[in-house]
Amino acid sequence: METDLNSQDRKDLDKFIKFFALKTVQVIVQARLGEKICTRSSSSPTGSDWFNLAIKDIPEVTHEAKKALAGQLPAVGRSMCVEISLKTSEGDSMELEIWCLEMNEKCDKEIKVSYAVYNRLSLLLKSLLAITRVTPAYRLSRKQGHEYVILYRIYFGDVQLNGLGEGFQTVRVGTVGTPVGTITLSCAYRINLAFMSTRHFERTPPIMGIIIDHFVDRPYPSSSPMHPCNYRTAGEDTGVACPSVEDSQEVCATSFSTSPPSQLMVPGKEGGVPLGPSQPAHAAQADQERLATYTPSDGAHCAATPSSSEDAETVSNSSEGRASPHDVLETIFVRKVGAFVNKPINQVTLTSLDIPFAMFAPKNLELEDADPMVNPPDSPETTSPLQGSLHSDGSSGGSSGHTQDDFVMIDFKPAFSKDDILPMDLGTFYREFQNPPQLSSLSLDIGAQSMAEDLDSLPEKLAAHEKNVREFDAFVETLQ
């Protein structure tokens with residue numbers, strides 16, 4: 001398509017579309033991992049991440065997305081699709097949803113590539129983060145395990161909606177206008193999941209042949225394999241590592257820098273692995289799928305949320321006698337204790353919470369009951385205007401005890417006040433204005449009396465003004 005873009009704007013636009021497609025795949029797949037993702041923001045962004053979002057990339061997902069794109073970009077007539085499906089342990093599968101990134105011919109030639117397109121793609125990616133967690137597949141992904149797993153497949157071409165069955169619904173995430181076309185991101189998802197309980201899943205032909213090593217050339221190059229989002233069989237070895245994110249993607253080196261910070265790298269067995277809640281593992285499987293996440297099914301479990309019944313700061317591992325496959329992740333959930341810090345007391349009483357830093361005090365807890373700082377002595381009862389206003393004359397003797405229980409009177413002693421300076425004492429001023437007197441203007445009798453007095457004195461005031469009328473005229477002449 002012929003446009004008026006210069007070479008630099010065209011290069012930036014292609015780069016934005018490329019990395020938006022890669023980040024779209026990351027967001028969709030990470031939303032189907034079955035775990036909550038928590039990322040930390042940073043006040044010092046760099047150019048290693050994109051679209052003002054700290055999305056930690058899974059290297060294998062990025063690798064598969066680049067293989068599916070094969071150097072192409074979503075354009076008019078070329079769509080990138082991410083298919084999410086479900087597969088049981090018996091081999092039955094069912095498509096759940098299909099995410100489509102496409103472009104139409106409607107152009108916006110007035111928009112600026114370097115700022116407007118980039119910021120709108122960032123907003124579209126944030127919308128995708130929210131919408132991926134409201135479709136039915138998200139709830140299924142949170143319950144995946146030994147009975148079924150969630151798979152993903154990336155392909156480039158026409159959208160295939162036949163596997164969604166009848167009555168599927170579509171939702172449009174959003175659109176972004178560019179000088180070469182309008183980018184559209186949409187989703188079609190299955191809503192009829194009632195037949196899942198009867199295990200009557202739709203049979204689909206194998207997408208690829210059975211491969212022992214998935215790095216060998218596939219017998220069907222035109223097909224794309226399915227990848228479990230969050231599953232690993234027992235006894236698998238993670239001997240093959242994917243290229244790291246830093247090696248597989250470029251740095252945002254445009255004329256501006258509004259990208260989130262770079263990822264922290266932790267040395268692993270065979271190279272740097274990005275530290276994050278979605279740690280991938282790469283392994284070969286005996287059927288047509290390959291593995292893409294970190295959660296093993298041999299009992300190893302990583303606590304994801306503090307609301308779980310287990311301790312949210314430790315990693316529970318049921319396998320004994322061997323190292324955990326995600327030892328790197330333990331640094332995220334284990335509380336780090338600094339040097340020269342005593343172990344906190346497990347049982348902390350309520351009285352110890354009244355004093356700041358009570359757990360570091362050298363005294364014993366049993367002496368706190370006699371401490372006047374913890375349990376101050378009872379102050380004598382005092383009478384104040386506020387207390388008198390609270391106990392009205394109409395209150396009966398039976399309700400006076402209940403009122404005293406509800407209102408606790410405290411003798412107000414302001415700081416830095418002196419008793420000998422009564423007119424300037426802040427406490428006296430405060431007590432006087434707690435119960436201010438009624439305004440005289442609000443009383444009808446007093447108002448009527450004052451008005452009558454004013455009317456009686458009116459003739460005298462008029463006579464005084466008539467007597468001094470010459471003085472008033474002379475004063476007016478001096479003003480002229």
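Note that Cβ sites are derived from N, Cα and C of the backbone, with glycine treated the same way.
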If Swiss-Prot is the reference, give me the range from 15-22, 111-118, 127-134 marked as region 'Important for interaction with ATG101'.
127-134
Average pLDDT across the motif 'LIR' (407-410)?
57
Helix, strand and coil totals (DSSP H, G, I; E, B; other) for the region 'Important for interaction with ATG101' (127-134):
5 helix, 0 strand, 3 coil
